[in-house]
Amino acid sequence: MSSSKRIAKELSDLERDPPTSCSAGPVGDDLYHWQASIMGPADSPYAGGVFFLSIHFPTDYPFKPPKISFTTKIYHPNINANGNICLDILKDQWSPALTLSKVLLSICSLLTDANPDDPLVPEIAHIYKTDRPKYEATAREWTKKYAV
């Protein structure tokens, strides 16, 4: 199956059965460039926010993972100022069996359960580990400022 057929199939699956609190689709007519949105999980400091992500599929998808980055600013130990996401399934744990739907759900759960032991932003990870109320207050502040 070619990458464009696989991407088209994932798009129709997403439209038919969208994952909770996520949506995604192509930007214009470019099947290899998508935009996604994730609703901040209710049980997280990101509640009430809508976060946008940019998705670029490589031409050898699904043998290589999509490149996904946040375009909405977010305060999180695993997401840096450029919107890059530190998530194992987007790197060495990628498998062609994974779908964009599963990846979006993994990003959603990263918002609820950060991984401060594998941080992209060590300063935020340190605050997350040593002063959780301060971390949550700052994350809520950024959510109100950039994602509402």
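Each Cβ is built from the backbone N, Cα and C atoms, and glycine gets one as well.
According to Swiss-Prot, the feature active site, glycyl thioester intermediate maps to CYS86, an assignment based on sequence analysis. For CYS86 (active site, glycyl thioester intermediate), the same-chain residues that are 6 or more apart in sequence and have a Cβ closer than 8 Å to its Cβ are ASN78, ILE79, ASN80, ASN115, ASP118, PRO119, LEU120.
Counting only same-chain residues 6+ beyond the ends of the compositional bias 'Basic and acidic residues' (7-18), those with a CB under 8 A from a CB of the stretch are 1, 24-26, 31-32, 57, 61, 99-101. Residues or ranges marked as compositional bias 'Basic and acidic residues' by Swiss-Prot: 7-18.
Summarising the annotation, Swiss-Prot assigns ubiquitin cross-link to LYS91. LYS91 (ubiquitin cross-link) carries neither a helix nor a strand DSSP state and counts as coil. Same-chain residues at least 6 positions away in sequence with a Cβ under 8 Å from that of LYS91 (ubiquitin cross-link) are, in sequence order, PRO65.
Among the features that Swiss-Prot reports, domain 'UBC core' is placed at 2-148, with the record citing sequence analysis.
For 1-22, the entry in Swiss-Prot reads region 'Disordered'.
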